[in-house]
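S.K.: This is the feature table in Swiss-Prot:
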BINDING   114-120, 142-149  chitin binding site
DISULFID  CYS31-CYS97  disulfide bond
DISULFID  CYS38-CYS161  disulfide bond
DISULFID  CYS95-CYS159  disulfide bond
DISULFID  CYS97-CYS161  disulfide bond
DISULFID  CYS221-CYS253  disulfide bond
DISULFID  CYS248-CYS277  disulfide bond
DOMAIN    108-155  domain 'LysM 1'
DOMAIN    172-216  domain 'LysM 2'
CARBOHYD  ASN30  N-linked glycosylation site
CARBOHYD  ASN48  N-linked glycosylation site
CARBOHYD  ASN76  N-linked glycosylation site
CARBOHYD  ASN99  N-linked glycosylation site
CARBOHYD  ASN193  N-linked glycosylation site
CARBOHYD  ASN238  N-linked glycosylation site
CARBOHYD  ASN258  N-linked glycosylation site
CARBOHYD  ASN289  N-linked glycosylation site
CARBOHYD  ASN305  N-linked glycosylation site
LIPID     ASP318  GPI-anchor amidated aspartate
SIGNAL    1-23  signal peptide
Amino acid sequence: METSCFTLLGLLVSLSFFLTLSAQMTGNFNCSGSTSTCQSLVGYSSKNATTLRNIQTLFAVKNLRSILGANNLPLNTSRDQRVNPNQVVRVPIHCSCSNGTGVSNRDIEYTIKKDDILSFVATEIFGGLVTYEKISEVNKIPDPNKIEIGQKFWIPLPCSCDKLNGEDVVHYAHVVKLGSSLGEIAAQFGTDNTTLAQLNGIIGDSQLLADKPLDVPLKACSSSVRKDSLDAPLLLSNNSYVFTANNCVKCTCDALKNWTLSCQSSSEIKPSNWQTCPPFSQCDGALLNASCRQPRDCVYAGYSNQTIFTTASPACPDSAGPDNYASTLSSSFNFVIVLIQCALLCLCLL
């Protein structure tokens with residue numbers, strides 16, 4: 001059995017080596033869930049100082065308040081607010097899922113300027129959030145080295161709309177810094193190493209590539225927004241806000257408020273599509289829960305072209321969860337590897 005034993009050990013080493021090599025960051029985010037469109041986030045930074053106005057223009061964000069809300073900045077923040085070199089700004093993007101991958105909608109485009117090359121556009125202009133190969137692929141560019149001034153290309157930023165363990169999350173594209181580890185990134189964003197590794201198809205720090213985007217799931221506040229609402233799914237991460245229902249409602253997400261979306265009628269911004277904001281309609285049914293004897297609020301549940309929906313808040317609020325989000329995602333990939341290794345070793349010992 002010595003020959004068989006050495007053969008099996010060789011297979012074991014080869015298998016482990018192959019699995020390690022095959023696990024690497026691709027820059028693509030998996031998006032295979034039932035939700036085909038959603039709001040996602042990217043973390044943008046520039047090596048040079050810039051302004052919020054420039055970032056808004058670059059990413060084709062319709063309203064500056066969308067960027068302000070994603071970064072929890074005051075609504076009166078100027079468009080010309082300076083953004084320091086390497087300062088990260090969270091930018092909301094419209095995500096679309098197709099063929100198991102999520103990319104930003106075609107509203108983000110870039111026009112080639114003098115001396116531009118695709119690699120420069122990807123790494124410098126868009127801060128490493130996308131690769132030049134991906135730009136070339138989706139725009140069907142025959143030769144990435146032959147582009148002309150004035151050509152306009154779609155910039156396919158990575159994103160996802162998938163749930164995590166059945167829970168809603170906000171997928172955030174984080175550009176990995178040189179020398180970073182999964183543990184550091186997990187601690188920064190309130191998740192765990194296993195979740196980050198499995199979500200991005202890697203095994204550990206050795207496959208973590210600097211200056212490449214990593215899919216980071218940010219815990220989202222729970223809400224009562226209906227599936228047929230025009231703003232569904234309304235997903236916000238901690239310390240962020242958004243104006244919705246034609247600017248008539250302001251919703252905020254705060255971990256200190258039990259990770260529950262808080263929405264109030266707002267007059268801070270002029271309504272769009274409606275001359276005046278309709279009042280929140282009255283909730284039907286009793287607003288006092290018999291089991292926990294706590295009053296139930298009438299909360300925001302979405303909107304249609306004609307009205308704002310409301311519903312009674314959940315019967316009894318859950319106890320406040322931890323500030324960070326540590327997923328219970330099972331490490332099935334690692335388990336399979338260990339199982340195969342154990343099987344080969346057992347055969348070797350026979």
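Indices start at 1 and increase along the chain as displayed.
Cβ atoms here come from the backbone N, Cα and C positions, even for glycine.
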S.K.: In which DSSP state, out of helix, strand and coil, do we find ASN193 (N-linked glycosylation site)?
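M.R.: DSSP assigns ASN193 (N-linked glycosylation site) to helix.
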S.K.: Please report the distance from the Cα of ILE147 (chitin binding site) to the Cα of CYS253 (disulfide bond), rounded to the nearest angstrom.
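M.R.: Their Cα atoms are separated by 44 Å.
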S.K.: Ranking the glycosylation sites ASN193, ASN238, ASN258 by other Cβ atoms within 10 Å, which is at the bottom?
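M.R.: Looking at the glycosylation sites ASN193, ASN238, ASN258, the Cβ with the fewest others within 10 Å is that of ASN258.
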S.K.: In the predicted model, what is the mean pLDDT computed over the domain 'LysM 1' (108-155)?
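M.R.: That stretch averages a pLDDT of 96.
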S.K.: Looking only at the domain 'LysM 1' (108-155), what are its DSSP counts of helix, strand and coil residues?
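M.R.: Reading the DSSP string over the domain 'LysM 1' (108-155) gives 15 helix, 6 strand, 27 coil.
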S.K.: In sequence order, which same-chain residues at least six apart have a C-beta under 8 angstroms from CYS248 (disulfide bond)?
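M.R.: Looking at Cβ-Cβ distances below 8 Å from CYS248 (disulfide bond), excluding near sequence neighbours, one finds SER265, SER266, PRO271, TRP274, CYS277, PRO278, TYR303, ILE308.
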S.K.: What does DSSP assign CYS277 (disulfide bond), in three states?
M.R.: coil
S.K.: Based on Cα distances to ASP143 (chitin binding site), point out the closest of the recorded positions CYS38, CYS97, CYS161, ASN193, ASN305.
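M.R.: In terms of Cα distance, ASP143 (chitin binding site) lies closest to CYS97.
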S.K.: According to DSSP, which kind of secondary structure is CYS95 (disulfide bond) found in, if we only use helix, strand and coil?
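M.R.: It is in a strand.
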S.K.: Other Cβ atoms within 10 Å is the metric here; tell me which of the recorded positions ASN30, ASN48, ASN76, ASN145, ASN305 scores highest.
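M.R.: That would be ASN30, with the highest Cβ count within 10 Å.
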S.K.: Can you count the other CB atoms that lie within 10 A of the CB of ILE147 (chitin binding site)?
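M.R.: Other Cβ atoms within 10 Å of ILE147 (chitin binding site): 18.
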S.K.: Please report the Cα separation of CYS38 (disulfide bond) and ILE149 (chitin binding site) in Å, rounded to an integer.
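M.R.: Given the Cα positions, CYS38 (disulfide bond) is 33 Å from ILE149 (chitin binding site).
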S.K.: Give the distance between the Cα atoms of ASN145 (chitin binding site) and ASN48 (N-linked glycosylation site), rounded to the nearest whole Å.
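M.R.: The Cα atom of ASN145 (chitin binding site) is 25 Å away from the Cα atom of ASN48 (N-linked glycosylation site).
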S.K.: Measuring Cα to Cα, tell me the gap between CYS253 (disulfide bond) and PHE120 (chitin binding site) in whole angstrom.
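M.R.: Between the Cα atoms of CYS253 (disulfide bond) and PHE120 (chitin binding site), the distance comes to 36 Å.
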S.K.: Which number gives the other C-beta atoms within 10 angstroms of the C-beta of CYS253 (disulfide bond), all protein chains shown included?
M.R.: 27
